[in-house]
Amino acid sequence: MIRALLLSTLVAGALSCGLPANLPQLPRVVGGEDARPNSWPWQVSLQYDSSGQWRHTCGGTLVDQSWVLTAAHCISSSRTYRVVLGRHSLSTNEPGSLAVKVSKLVVHQDWNSNQLSNGNDIALLKLASPVSLTDKIQLGCLPAAGTILPNNYVCYVTGWGRLQTNGASPDILQQGQLLVVDYATCSKPGWWGSTVKTNMICAGGDGIISSCNGDSGGPLNCQGANGQWQVHGIVSFGSSLGCNYYHKPSVFTRVSNYIDWINSVIANN
């Protein structure tokens, strides 16, 4: 009976993530578009203190009421961070949004900032206090360990990154549709070649829509057959030639490669 109760609780917990109360509107729009307010309620803004002013630096995903998933390259041990949750516009103090200080930074032990192409661009941030879940603040689902998405699987990248190479940064959360590019294609010489590893996901490369500066650390959202959105990627890097360069897809940390690490960090901290 206890085992059955525990199992039902775990199943209920799994179903409580990745299902926004405000469903995203998903037409394909060249260059991305404003997201529907609070339709990606696990998306957070990671901000750092700059002489008393909080500045957006990266995105992230709320994966537990006390933990945010982001990219390792977003983190500097010398900075003080906070996480802003439940926000649509970064310039407006919206009702129901929260700003919570970060109490602990856990960067993957194999991350090397001088060797970005080795991967392991993943970090977890512990919040100073757990957050309550609402329609505006929800958990992102993680995929099953080892999951590999097929070529051309439809996903959406979200964030407050630049609208184009060297362009302006938006106040409003943006979304853009990206198609997954499988490893066999993305690792071809005319694409990313040996820069891309199997612990990464490529998506995009059409020369139109991509992630850009300021999106780093944010989620690649992919919908499962049951309607739940899962966070399959963490924005890691793009081409130095520009954000929307043809045959240079956005590259993401493949979350399904790090499920054991994520669970271990949360359980032991």
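Backbone N, Cα and C atoms are what each Cβ position is placed from, and that goes for glycine too.
According to DSSP, H73 (active site, charge relay system) is assigned to a helical segment. Among the features that Swiss-Prot reports, active site, charge relay system is placed at H73 (among others).
Remark: D121 (active site, charge relay system) has A71, A72, H73, H108, W111, I234, S236, F237, T253 as non-local neighbours, by Cβ distance under 8 Å and separation of at least 6 in sequence. If you look up Swiss-Prot, you'll see D121 (among others) marked as active site, charge relay system.
What Swiss-Prot lists as active site, charge relay system is S216 (among others). Taking all protein chains in view, 24 other C-beta atoms sit within 10 angstroms of the C-beta of S216 (active site, charge relay system).
The disulfide bond annotation in Swiss-Prot covers C58-C74 (among others), and the record cites experimental evidence as its basis. Within 10 Å of the C-beta atom of C58 (disulfide bond) sit 27 other C-beta atoms, taking all shown protein chains into account.
Swiss-Prot lists C155-C222 (among others) with the feature disulfide bond. According to its DSSP assignment, C155 (disulfide bond) is in a strand. Within 10 Å of the C-beta of C155 (disulfide bond) we count 24 further C-beta atoms, all protein chains included.
For C186 (disulfide bond), other Cβ atoms within 10 Å of its Cβ number 23. Sequence annotations record features per position, and here Swiss-Prot assigns disulfide bond to C186-C202 (among others) based on experimental evidence.
The feature disulfide bond is assigned by Swiss-Prot to C212-C243 (among others).
Annotation comment: Swiss-Prot describes 29-267 as domain 'Peptidase S1'.
Annotated signal peptide per Swiss-Prot: 1-16, in sequence order.
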Running the recorded positions C58, C74, C155, S216, C222 through a 10 angstrom C-alpha radius around C202 (disulfide bond) leaves none
Among the recorded positions listed as C58, C74, S216, the Cα nearest the Cα of C155 (disulfide bond) belongs to S216
With C58 (disulfide bond) as reference and a Cα-Cα limit of 10 Å, the qualifying recorded positions from C186, S216, C222 are S216
Whole-Å Cα distance, S216 (active site, charge relay system) to C74 (disulfide bond), is 7
Note: in the chain of C222 (disulfide bond), residues six or more apart in sequence with C-beta under 8 angstroms of its C-beta are P143, L149, Y153, V154, C155, Y156, V180, W229, Q230, V231, H232
